[in-house]
Amino acid sequence: MASSTTKILCDAGESDLCRDDSAAFLLKFVAIASILLAGAAGVAIPLIGRNRRFLQTEGNLFVAAKAFAAGVILATGFVHMLAGGTEALSNPCLPDFPWSKFPFPGFFAMVAALATLLVDFMGTQYYERKQERNQAATEAAAGSEEIAVVPVVGERVTDNKVFGEEDGGGIHIVGIRAHAAHHRHSHSNSHGTCDGHAHGHSHGHMHGNSDVENGARHVVVSQILELGIVSHSIIIGLSLGVSQSPCTIRPLIAALSFHQFFEGFALGGCISQAQFRNKSATIMACFFALTTPLGIGIGTAVASSFNSHSPGALVTEGILDSLSAGILVYMALVDLIAADFLSKRMSCNLRLQVVSYVMLFLGAGLMSALAIWA
């Protein structure tokens, strides 16, 4: 009896409970508008804030808001995407072999995290070498003897800007290699760790290398983060689009709007720190903002013929959710949380530490709580 009930559910797809096609259709338009506006606003604030003092990426307000967004992304990976992948790949509509014989969700998440590390490393290497070649060509053209003068302590050479990176002491999204360079820089002098004063000739050379690494990191981080966000946004949009239940769609509208706004804020901050040209930044922002609404539109178009409980749909959803979880968890922990919370600026500012930790836990807690409804 139980097996026949399961077979009927797998063949029929969504339950008829609370099913209302016309009401669901109208709610999907509301969802598209709400999520589009939330995502666009979230990603636009850091980009516009580059020209506004209180919203600049060097400001404490931005750092605290980014900590909240990092908590949202971390909870999205652990609580929403990994849980969703586990639910899909353990669905009784799937055959026992191989899906019940191995913990595939955790495995796919691990593979995605390791692959992200590899892409992270290779991408950083590529951009660093590209920038070093550009600098070498510039020095050769201008005369290496004049360019090679060691800069005055505390100043930065304008030729060392990476991808248009602006001067300033703001927190940068850096990875393992850039952290190593930072520690070499910090330990090369014996005093002045938090007072902003540094001594020693090695610092002039470290600044140039650190700038190249930081600029490359900003570019790579923003691109990988967008990839991770877009990959799960499509699945989220499709899931909402194929649903014909207003009871399911209503809470999803609020949850996804909240989720999209703060993911957009984190992505916008990464794009802003990478100092992309306005055209490239606009394209990346629009691509992010349109992904989930596009998924909802596609899901709405195929809702009448789509069976969310078919083996193909479940496997696709489960694998993509698990892969997205691995990417998001890696990006949140390594490139957002660790990079900022282990930085010199954070360690030297107790108030910023407290506020950032509160915002981080608050973002993770609120996003986790949304799993009750969505």
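Note: Cβ is positioned from N, Cα and C throughout, glycine not excepted.
Both R52 and F306 carry topological domain labels in Swiss-Prot, but the labels differ, so the record puts them on opposite sides of the membrane.
Of the two recorded stretches, the transmembrane segment (219-239) lies close to the transmembrane segment (319-339), with three or more CB pairs under 8 Å once pairs fewer than 6 apart in sequence are set aside. For the topological domain 'Lumenal' (304-318), the predicted model reports an average pLDDT of 87. The transmembrane segment (319-339) is not in contact with the transmembrane segment (29-49), judged by fewer than 3 CB-CB distances under 8 Å for residue pairs 6 or more apart in sequence.
Segment contact is absent for the transmembrane segment (354-374) and the transmembrane segment (29-49), given fewer than three CB pairs below 8 angstroms at sequence separation of 6 or more. The largest share of C-beta pairs under 8 angstroms with the transmembrane segment (62-82) comes from 251-271, of the ranges 29-49, 251-271, 283-303. Each residue in the topological domain 'Lumenal' (304-318) gets a DSSP state, and the totals come to 8 helix, 0 strand, 7 coil.
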